[in-house]
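Student: Annotation comment: TrEMBL describes 6-29, 41-68, 126-147, 159-181, 201-227, 239-261, 306-331, 343-361, 373-394, 414-438, 445-465 as transmembrane segment. The disulfide bond feature in TrEMBL is assigned to C80-C89.
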Amino acid sequence: MYLIAIILYAIPIFIIQTFLGQFSTSGLISAFRVAPLFKGIGYSILLLNLISLAYYGIVAAVPLIYAANSVHTVIPWMSCDNAWNTPNCSTHSTYDVDELALDPHATVEFFRYIILSDDSSPHEYVISWPVLCGTVGVWLLTLGILLKRVSFIGKFFRCICVIMFAVFLAIFVHLLCYIKLDWETFVSYFKPTLSNSFNGVLGGMRTAILMSTWLLGPGWGNVLTLASHNRFHRDSEKLTYWVSGTHVLLAFMAMICGRIAFDHFEDHVGFLHFHFDEEHYMQFLYLCFAYLFGSFTTLPNFWCFLFFGMIFLAELSAIIIQMMSVLTALFDEYEQLRTKKSRITIALSLLMLAVSIYFCTKKGFEHLDLLPNIVILSHLIISIVLLLMTTWIYGRERFQCDLQFMLGKTITSFKIFLIRFLTPAFFVLSFIQTLYFLERDNSPTALVIVSQCVIYAIAPAYMIYKVCQTNGTLRNRLKQCFAPHDWHPVDADNRRFYEEIMGVSEMLVMDGGEENCAVNA
């Protein structure tokens, strides 16, 4: 299911986002010049990213807390001598599998201390001070990087990617050597662990879709923003396949590491969803891996710091990219704001920090548990609208020709067929099962419902506004709103050549129906 989701969902949307960003050299609002009626989607995406940023600081702060605590002589989650530990705290490494209840392990109590899940205070808005301090640090670091030049940020990302990959490879190899993984166990890790039932199939599908969305990054439009910095004729199709292949490789390596950590935790501490269940989507990462690296006999502090430092760098990079998406969209659409770039960057970062304080509370942490399904739902809704806009409304021939003009090579009709027909069919199935799990697992709170309604109401509201601003009959108004406006390459030479080609429709259809643009420069 994961590979199917990558092929039918992640890669097509990755290609479409890359096309919009690289062709227009614009952010996620201005890129909708391809079909002005849908420009409201750009504003919806902008708001979606801002909401995502509001809680993502906490997602980055938690691994920072673990990394900072791993430098202590005695790792806090491996000891019961801390202020937050209860009298029943245990550091057991063996247990009776037939016991219905176990004393809370020190690793579990540390996680509860961080997310306030065992806080006895009647107030729902009590603040987790470690998370608040970590969140402040995350946003100050993010602000410092965003105030640098784009060239510096690009170099920063390249260095971070190399560091994270090297650390992950070192952790992966060390884990294989540490547990002496045999071939039979290795093969068993690739077998499904879910029950052979309808819910099992849906659960596997939901996980596969969630994992495939990681290829597109958190929030929405990050690929589009990064692609806007590409050279116009860069072969982004090949880059898409490289990125996807690397993502699949890292996902399988991470899956193996996850199975090792999960088995180790259940062999020594207890069953995760039976003896210990914090009902929080981050519990697997911070219970199993914290105990695994903390129980190493050699250099446990070093391996804990490496692992959680790597997770922190990944989440920090995600925040910076999301902020770049928001800022690029604003500065591309409203040129008058460019003279106030630094002040707007500072103000927006401080605003996100202020909103993040809510998610540092006990009540705020409860909302984080809804994220996996909400993220999938948002990605699916926006992605299907984007796909319909580019391949159906803008048109198959124009989309294919623009793509070929940009890449300087032929794009087969089979790939376009795959994007136009198979990907929407997969979206429909994914959308249905996501709604099913969202209703079954957690009923959305009023805050989630209101925020999602506001996001999705912007697009139709803008459509109505755009139609009202045009003249003529309703049919002529819609025709004007659907037609591309100022849609061309930024470079003067590419723009002139593109306008010459698009002005001669006979050049768009060649080889008996195989659409090709004449791009022999």
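Keep in mind that glycine also has a Cβ here, set from the backbone N, Cα and C atoms.
Automated prediction, rather than curation, is the source of TrEMBL annotations.
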Student: Tell me the Cβ contacts of C89 (disulfide bond) under 8 Å, same chain only and six or more apart in sequence, or just say none.
Tutor: C80, D103, P104, H105, A106, E109
Student: Any residues 6+ beyond the ends of the transmembrane segment (41-68) with a Cβ under 8 Å from its own?
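Tutor: For the transmembrane segment (41-68), the list is 28-32, 77, 114, 130-131, 134-135, 137-139, 218-221, 282, 286, 290, 304-305, 308-309, 311-312, 315-316, 318-319, 322-323, 325-326, 329-330, 333, 352-353, 355-356, 358-360, 364-365, 367-368, 371, 378, 382, 385-386, 389, 451, 454-456, 458-459, 462.
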Student: Other than its close neighbours in sequence, what residues sit by the transmembrane segment (343-361), given a CB gap under 8 Å and a spacing of at least six beyond its ends?
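Tutor: Distal contacts: 50, 53-55, 57-58, 116, 124-128, 131-132, 135-136, 139, 142-143, 146-147, 323, 326-327, 330, 337, 367-368.
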Student: Is the transmembrane segment (126-147) in contact with the transmembrane segment (239-261), using three or more Cβ pairs under 8 angstroms as the rule and ignoring pairs under 6 apart in sequence?
Tutor: no
Student: I'm a bit unsure how to read this: which one of 6-29, 126-147, 159-181, 414-438 has the highest number of Cβ pairs shorter than 8 Å with the transmembrane segment (201-227)?
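Tutor: Per the Cβ under 8 Å count, 6-29.
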Student: Can you tell me how many other Cβ atoms are located within 10 Å of the Cβ belonging to C80 (disulfide bond)?
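Tutor: Other Cβ atoms found within 10 Å: 18.
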Student: Can at least 3 Cβ pairs under 8 A be found between the transmembrane segment (126-147) and the transmembrane segment (306-331), with each pair 6 or more apart in sequence?
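Tutor: As far as Cβ distances go (cut-off 8 Å, pairs 6 or more apart), the transmembrane segment (126-147) and the transmembrane segment (306-331) touch.
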Student: Considering only the recorded stretches 6-29, 159-181, 414-438, state which has the highest number of Cβ pairs under 8 Å to the transmembrane segment (306-331).
Tutor: 159-181
Student: Are there residues at least 6 beyond the ends of the transmembrane segment (159-181) whose Cβ is under 8 Å from a Cβ of it, and what are they?
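Tutor: Residues 250, 253-254, 256-257, 260, 264, 296, 303, 306-307, 309-310, 313-314, 317.
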